[in-house]
Structures are given as C-alpha cells and as structure tokens.
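Here's what Swiss-Prot has on this protein:
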- HIS157: active site, proton acceptor (ACT_SITE)
- 57-76, 139-142, 248-250, 274-276, CYS292: NAD(+) binding site (BINDING)
- TYR101, ARG104: substrate binding site (BINDING)
- CYS165, CYS168, CYS206, CYS211: Zn(2+) binding site (BINDING)
- 36-306: domain 'Deacetylase sirtuin-type' (DOMAIN)
- 1-35: transit peptide (TRANSIT)
Amino acid sequence: MCLAQCAARRLLAQVHGALKPAPKKPNWCWEMARPSSNMADFREVFAKAKHIAIITGAGVSAESGVPTFRGAGGFWRKWQAQELATPGAFARNPSRVWEFYHYRREVMLSKHPNAAHIAIAECEKRLRKQGRSVVVITQNIDELHRKAGTKHLLEIHGSLFKTRCTNCGNVTANYKSPICPALAGKGAPDPEIEDAAIPVEELPQCEEDGCHGLLRPHVVWFGETLDPDVLTEVEKELDLCDLCLVVGTSSVVYPAAMFAPQVSARGVPVAEFNMEATPATDRFRFHFEGPCGTTLPPALARHESEIIA
C-alpha cells in the first residue's frame with residue numbers, strides 16, 4: 001500500500017474512530033457485481049488464502065443466547081443500551097450503569113461458544129500448522145471467541161471481563177461473580193425493578209496500592225474513540241489479508257462498518273455470513289444467508305487440498 005493510501009486510512013480512523021451508527025445509506029464509492037452464494041467457489045478461494053481476517057459482530061453470538069439490546073424490545077429495565085453505554089450516563093449514575101453491566105457479566109458467565117465460534121477457532125489452529133494465519137477482529141465484548149480457543153484476537157470494543165480504573169487507568173481482567181458484594185443479586189432487567197442506588201464507595205474499586213479509584217467496564221462506550229493501538233493492529237491485519245470474512249455484523253456501526261468495504265476496494269475477496277443482507281452486501285464477492293452456526297462450519301472446514309500435519 002502506498003504512503004498516500006496509508007495516510008488516508010489513518011485519517012479515516014481518526015474521523016470515524018468513535019463508536020457511532022453509520023449513515024443509513026453508506027456513501028461507498030466503488031461498484032461490484034452482485035455477490036455469489038456459491039460455496040464451492042468460496043472454498044476454492046479459501047483454499048488459496050494465506051492470511052484470513054474474520055470480522056465478527058453480535059450475530060455470531062446470537063446462537064449462544066447472548067442478549068443484543070438492539071432493535072425493538074432491546075431494553076434493560078426502562079433504558080436502551082445506547083442510553084446506558086455512555087460516559088455521561090456513568091458520570092450521572094454509576095450505580096445504574098454498573099447494575100446493567102453486572103447483569104450482562106452474570107449472563108455471559110453461563111453462556112458457551114456455539115458452532116460458529118468453534119469453527120473459527122478450529123480453523124485458526126489447523127491453518128497455523130500449515131503456515132497460514134487467521135485473525136479475528138470482533139466487535140463483541142462477550143469473550144466467547146476466547147472461550148472457544150481463538151488465539152489471535154482483536155477486541156475492538158473491549159471486554160465485559162476487564163475493568164479500567166477511572167483514577168489511575170489500570171486495566172485488569174476480572175471474572176469475579178459478583179464483581180463486588182454490593183452488586184450481588186442486583187441488575188435484573190425487569191422494568192418494574194427500582195435502581196439499587198449503590199453508593200460509589202461500594203461499587204467496584206481499584207485494587208492497585210493506594211488508589212481505590214472507581215472502576216468502570218473496559219468497553220468502548222458511544223461517543224468514545226477506539227484504542228489507537230488496537231486500530232493500528234486492525235489496520236495492519238487488513239492490509240495483510242488476502243481473504244476477509246464478515247460474520248454476524250450488520251455493517252452499520254463505525255468504524256467497523258468500513259473495514260471490509262475497504263478491503264474489498266483493493267480487490268481482496270470478502271465473504272459475508274449473516275441472517276440477511278446489509279448495506280455493504282453488494283460490495284462483497286460472496287454472501288451466505290442464514291445462522292452463522294450453520295453456514296460458517298462448512299465454509300471453514302478442511303479443504304481437500306490441505307495437507308494434514
């Protein structure tokens with residue numbers, strides 16, 4: 001990639017680095033033929049790929065029973081996620097926001113990777129032995145890819161199971177259940193339940209020596225910018241890939257919405273696996289409709305040309 005293209009991409013990352021919805025009609029500036037749903041053709045492309053980038057969204061975890069808090073009915077109590085997942089909401093009512101995230105953490109502790117997560121992890125393990133690479137770039141914060149065994153994982157929106165201190169900035173993995181005594185039994189989503197109104201000093205606190213600052217979930221909230229180091233890694237992997245899969249994502253949240261179209265624009269095959277078409281579908285070479293746990297395993301299974309080590 002030339003220096004001008006690199007500079008342009010970095011500029012896009014700066015402009016669109018904040019988590020926000022994409023326009024209703026993305027202004028893509030390139031045209032392609034209608035995507036194919038021919039699995040045999042995809043498998044031939046897959047067999048030749050050396051560096052595969054897999055971009056995943058909420059749809060890949062839906063079959064694990066993970067609540068998405070998107071669309072109609074996507075409420076926790078009286079609020080939608082967009083009302084709670086903001087710096088302002090946390091500043092105004094950290095107890096309410098922590099109840100919401102505590103509920104999500106507790107739910108996720110009982111969930112397991114589905115066939116799509118496992119297919120990705122097994123593909124990565126198998127291809128690594130052949131000198132080929134797979135990287136997963138996920139918008140999900142549920143860590144199901146990690147549970148499935150994925151090693152090369154970029155979590156662009158953070159993780160439910162990491163905390164960040166609002167005082168010292170320390171980031172720590174945290175799988176405690178409950179995350180603090182005051183949140184035990186709290187966070188039920190019933191709209192009739194009142195907020196627990198937990199005092200700040202009883203909410204999760206930093207355990208670094210002498211700090212005791214208030215912890216927050218280490219996730220990217222609406223209006224916040226993505227970690228520039230993570231974006232740099234994403235950029236590097238997308239520049240390197242010779243095949244890109246977009247799995248279970250609606251392609252309507254920036255900056256992830258532009259990742260695969262940018263890859264497609266430089267001539268790299270992109271395959272979309274989703275329950276329905278998205279605003280970006282026509283920019284890709286392949287589109288496979290249906291549950292990811294059904295469509296993805298045969299797509300990533302061992303090809304007859306692969307040599308078993």
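Each Cβ is built from the backbone N, Cα and C atoms, and glycine gets one as well.
The structure, with features from Swiss-Prot marked on it.
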| residue | record | contacts (Cβ under 8 Å, 6+ apart) |
| --- | --- | --- |
| SER61 | NAD(+) binding site | LYS111, ASN114, HIS117, ASN140, ASP142, LEU144, GLY248 |
| GLY65 | NAD(+) binding site | LYS111 |
| TYR101 | substrate binding site | LEU160, PRO217, VAL219 |
| ARG104 | substrate binding site | PRO67, LEU160 |
| CYS165 | Zn(2+) binding site | VAL171, CYS206, GLU208, CYS211, GLY213, LEU214, LEU215, ARG216 |
| CYS168 | Zn(2+) binding site | CYS206, GLU208, CYS211, GLY213 |
| MET275 | NAD(+) binding site | GLY59, GLY248, GLU289, GLY290, PRO291 |
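If you take the C-beta of GLY57 (NAD(+) binding site) and look for same-chain residues 6 or more apart in sequence within under 8 angstroms, you find THR138, GLN139, ASN140, VAL247, GLY248, THR249, SER250, ALA256. Highlighted in sequence order, THR166, ASN167, GLY169, ASN170, GLU207, GLU208, HIS212, GLY213, LEU215 have their Cβ within 8 Å of the centre of the Cβ atoms of CYS165, CYS168, CYS206, CYS211, the residues recorded for Zn(2+), and are not part of that set. With a 10 A radius on its CB, CYS206 (Zn(2+) binding site) counts 20 other CB atoms from all the protein chains. In the structure shown, across all protein chains, GLY248 is the one of the recorded positions GLN139, HIS157, CYS211, GLY248 with the greatest number of other Cβ atoms within 10 Å.
DSSP classifies CYS165 (Zn(2+) binding site) as strand under the three-state reduction. Classification of GLY248 (NAD(+) binding site) by DSSP places it in coil, neither helical nor stranded.
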